[in-house]
Amino acid sequence: MTDWIDIGAINAIPQRGARCVNTPNGKIAIFRTADDQVFAMDNRCPHKGGPLSEGIVHGASVTCPLHNWVFDLSTGTAQGADEGQVRTYPVQVMDGRILIAPDVLMEVAAE
Amino acid sequence: MEKLVVIGAGMASGRALEHIFEEAPGRFDITLFGAEPRGNYNRLMLSPVLAGEKEYEQIITHDSAWYEANGVHTRFGETVTAIDRQRKIVISRNGETSYDKLIIATGSAPFIIPLPGKDLPGVMAFRDLDDVNAMVAAARRPNAKAVIIGGGLLGLEAAAALRLRGMEVVVLHLTGHVMDRQLDPAAGYLLQRELESRGIKVHCKAQTKAILGQNAVEAVALDDGTVYGADIVIMAAGIRPETRIAVDAGLHVERGIVVNDQMVTSDPDIFALGECVEHEKIVYGLVAPLYDQAKVLAKTLAKNDAAFRPVQTATQLKVTGVSVYSAGDFADAEDREEIVLRDATSGIYKRLVLKDDRVIGAVLYGETGDGPWFFDMIRKGTDTREMRDTLIFGQAYQGGAALDPMAAVAALPDDAEICGCNGVCKGAITGAILSKGLTDLDGVRAHSKASASCGSCTHLVEKLMAITLGDSYNPAAVKPMCPCTEHDHGTVRRLIVAKGLKSIPAVMQELEWKTSCGCAKCRPALNYYLVADWPGEYEDDNQSRFINERVHANIQKDGTYSVVPRMWGGMTNPRELRAIADVADKFAIPAVKVTGGQRIDLLGVKKEDLPGVWADLNAAGMVSGAAYAKGLRTVKTCVGSDWCRFGTQDSTGLGIRIEKFMWGAWTPAKLKLAVSGCPRNCAEATCKDIGVICVDSGYDIHFAGAAGLDIKPTELLGHANSEDEALEIITALTQMYREQGHYLERIYKWARRVGVDTIKAAIIEDLDKRRHYAERFAYSQQFAQVDPWEERVNGKDAHEFAAMAEFGLPVAAE
Ligand code: SRM
Ligand SMILES: Cc1cc2nc3c(=O)[nH]c(=O)nc-3n(C[C@H](O)[C@H](O)[C@H](O)COP(=O)(O)OP(=O)(O)OC[C@H]3O[C@@H](n4cnc5c(N)ncnc54)[C@H](O)[C@@H]3O)c2cc1C
Ligand code: SF4
Ligand code: FES
């Protein structure tokens, strides 16, 4: 298996914030929580396409900036009464660097 | 006898030797090398030594008598510089020493941040006794100052110790709260508060730029311009496994020296343990797992089966009078639940993280007695379903009948004190409820004074009301801000001021928030309350702001943004218009629209173009119109006496003056003003939050209008004779609203809640009050009037506007 791909330092994302990784087929949002967990998911809200990376991060959830749907960062599932699912991607943090699963970028590209 | 050489006389090797003598007595001829000029000692206890609570002699674990009795050849003060695996020798200052088996236990080295000035005399680490001695010597100088880089375990222990020795101490910490690796923000806040109460300055989010000094350390400079004077600088920013000789010898080294479950390295005759090793990708930095490794290593050498497996670790801070405990994984996730207990009066915070009914993480502050009990459950994966309701209260509450908090309050005697601030006992409260027929909390507060000061006994008072009134008590009359808290907006605002709470973690702790980090509803509200109540003191938390206020543009349905520059009072000129046209061309902005607020909107700007667009608008003298802000938006005007045949006063000039004085102000909800030059009211002032109608005799000030979701004409607040007076009335009114409004409550709703007469009494009838409000507004403007665009053009929050990484289409393999 190829190595995981280094997409940047964890400190490049503010705590309780997010940034995007651009891929040929769209943006992947990378989230960092208050306790330095890192998650990755499509930067597209299943409701009306809101950019999830621009939402407010609280706990391990994000609130979409357009109409306030709330998504769990680890599973990508909409919370509460709303129904929807965002695709998530495996990421890990090693030595302060964020690594994304190698196949992810290929898959996104292949879609 | 086989020759066993040990490199490093630290905590791990000391423990390993003890086990080796138990497992394989008389089997090895042992030589122990140590770079430090002394034998094994308890490194953990360097903190109490530094604090003056212990002597070095008390922390020695192995003395010369022990080495002698066990026949260990000690070579202290002698660093091993190389290993020759072919010839099976190690090389040091005194020559070569051969081995049959070799143990590497070199521990770790402090990480020295590569800052300018890092080599100046006075820069030191905190790792061994020599460092401690150097610090103690520095502390003896009168008025000595220490700056500690790193607010982790080591840095804080050093800080507390040096403070005890009388030094002035500043701790610089990179992230938002101290000990962020072990504590969540809530516990970090409590710890910081405790340290500050001891006179230690804690500076979070500190980016150190350089250590300054001519011949020795003199000061430390931060990126934000702060400079702290320093006689010594302690680098406590982390540790790195000490692997240099292993790398040179060609052993498999990743972050640490790689070992298998038996503690064998890639060379079957070489073993390693301690902080220098990596096992299953984990490098440990605490002693407990190293002791397990020592046991396994001894068994391996004695040819007995044993395996080291990854272990959970728990951390405790060794600062006298501070209790902090953290264990396991305490991060949030959907499949996890948290139980939080906060007791603001005694400064207690406990948080358990559960997954599948099992505790997987714990953070305890203030009361850590149950730490080991929780840690034990984490390691054993104990099923907690049976004790779920009382789990957080600790071991003492298990087994017997579950404690019903209602029954506990009911059982209190009548003379039990409920409200400490006002000395109100239970009987007085129940008496007031019954005799006055009180049914809500405010009534109880007004009549009995209980819970009317700090509010921390509110939950007890509420239980008393429930017990006394039975079903007729409806606590839901209080509308909580959000599901994270029981308090409504008003209570939170009042307590922020009454208790002097100056950060979001402070509010959440003291007001006993039920979540660790809030939600998208409460965080923006708290951030506003703190910005409004502590101008110049509170540092705005960008991550608690809605995207529009974070990037100072309005997000659109397709994820692009709109940009609206200020046009003071609706006035513009050819230069501004040309700049807008140029910027629209240059960045291919698809739509340009005149807004309902008398200015121009550029719609469809790509996020990454925002800084470029702003830079060009700034260059033409324009600043952000804050079209996104819960703050001052527009001041619409009409042409007024300058041009209009009916104009009575310079409505345009007054509008511009108001806008220039008030721009940048944050308010509970958006704030829109207008100034019309006569009662024909072409600027539509009588449906605005605040509107001015100019008349021959001066200025009629109106307020509390609405023309959005609701339509409502304004109320007349009062009359001003001069522009100055009009401005004072308007800013005083705005400040009163800033201090009292609930987040997202427009001025008309606030006025409905508190009463138009109350506002008139404060702003029109009481001139002193008016002046004070106006002064507070002016004071806070000092900090508010910074153009957010200019700041970002100059690099602030650059991360917001650029992708983290870019990946092109994969190139086909050649
Ligand atoms: C651009 C503009 C429409 C236009 O093309 O003219 C506009 C656009 C938006 N208005 Fe407005 N409002 C605009 C003037 C108004 C006015 C008229 C005025 O200010 O004289 C009103 C009625 C007066 C009032 O505020 O009550 C108005 C009442 C609203 C409301 C209802 C507020 C209420 O409390 O009733 C909202 C919704 C809200 O704030 O929650 C709203 C919300 C919005 C938002 C911010 C919707 C959103 O949340 O994204 C729109 C943002 C578009 C953008 O990116 O620019 N807009 N909006 C006007 C910008 C004025 C400016 O220069 O800053
Ligand atoms: C101030 C302080 C407080 C701490 N508090 C705690 C705590 O409360 N709880 C906790 O669990 N942990 C604590 N730790 C961490 C704990 O001390 C370490 O985990 C532990 O000491 C690691 O043991 P070790 O044997 O791997 O390394 P060390 O104890 O560092 O021993 C390694 C030794 O090897 C020597 N050495 C290195 N290279 C060579 C060479 N080439 N030749 C010869 N000798 C060499 C070094 O000089 C050192 O003496 C603390 C550490 C410090 C500094
Ligand atoms: S009225 Fe305001 S909020 Fe509604 S669509 Fe128009 S600009 Fe948007
Ligand atoms: S697009 Fe995300 S909630 Fe509507």
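The backbone N, Cα and C atoms fix where each Cβ goes, and this holds for glycine too.
Whatever TrEMBL says is automated annotation, not expert-curated.
Quick look at what TrEMBL lists:
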{"type": "DOMAIN", "residues": "B:3-279", "note": "domain 'FAD/NAD(P)-binding'"}
{"type": "DOMAIN", "residues": "B:314-382", "note": "domain 'NADH-rubredoxin oxidoreductase C-terminal'"}
{"type": "DOMAIN", "residues": "B:418-466", "note": "domain 'BFD-like [2Fe-2S]-binding'"}
{"type": "DOMAIN", "residues": "B:481-530", "note": "domain 'BFD-like [2Fe-2S]-binding'"}
{"type": "DOMAIN", "residues": "B:556-620", "note": "domain 'Nitrite/Sulfite reductase ferredoxin-like'"}
{"type": "DOMAIN", "residues": "B:629-769", "note": "domain 'Nitrite/sulphite reductase 4Fe-4S'"}
{"type": "BINDING", "residues": "B:Cys638, B:Cys644, B:Cys678, B:Cys682", "note": "[4Fe-4S] cluster binding site"}
{"type": "BINDING", "residues": "B:Cys682", "note": "siroheme binding site"}
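Overlay of TrEMBL annotations on the structure.
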residue  : record                        : DSSP class
B:Cys638 : [4Fe-4S] cluster binding site : coil
B:Cys644 : [4Fe-4S] cluster binding site : coil
B:Cys678 : [4Fe-4S] cluster binding site : coil
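Long-range Cβ proximity for B:Cys644 ([4Fe-4S] cluster binding site), meaning a same-chain Cβ under 8 A and a gap of 6 or more residues, is found for B:Cys638, B:Gly677, B:Cys678.
Per-residue pLDDT, averaged over the domain 'BFD-like [2Fe-2S]-binding' (B:481-530), rounds to 92. Neighbours of B:Cys678 ([4Fe-4S] cluster binding site), defined as other CB atoms within 10 A of its CB across all chains, total 20.
Counting Cβ pairs under 8 Å that are 6 or more residues apart, the domain 'Nitrite/Sulfite reductase ferredoxin-like' (B:556-620) and the domain 'Nitrite/sulphite reductase 4Fe-4S' (B:629-769) reach 3 or more and are in contact. In this view, the densest Cβ surroundings among the binding-site residues B:Cys638, B:Cys682 belong to B:Cys638, judged by other Cβ atoms lying within 10 Å. Sequence-ordered, the extra residues of this chain that approach the [4Fe-4S] cluster site, with Cβ no more than 8 Å from the Cβ center of B:Cys638, B:Cys644, B:Cys678, B:Cys682, are B:Val639, B:Gly640, B:Phe646, B:Gly647, B:Ser651, B:Ser676, B:Gly677, B:Arg680, B:Asn681, B:Ala683. Across the domain 'Nitrite/Sulfite reductase ferredoxin-like' (B:556-620), DSSP classifies residues as 29 helix, 14 strand, 22 coil.
Secondary structure of the domain 'Nitrite/sulphite reductase 4Fe-4S' (B:629-769) per DSSP (helix as H, G, I; strand as E, B; remaining residues coil): 57 helix, 36 strand, 48 coil. In terms of DSSP helix, strand and coil, the domain 'NADH-rubredoxin oxidoreductase C-terminal' (B:314-382) has 10 helix, 32 strand, 27 coil.
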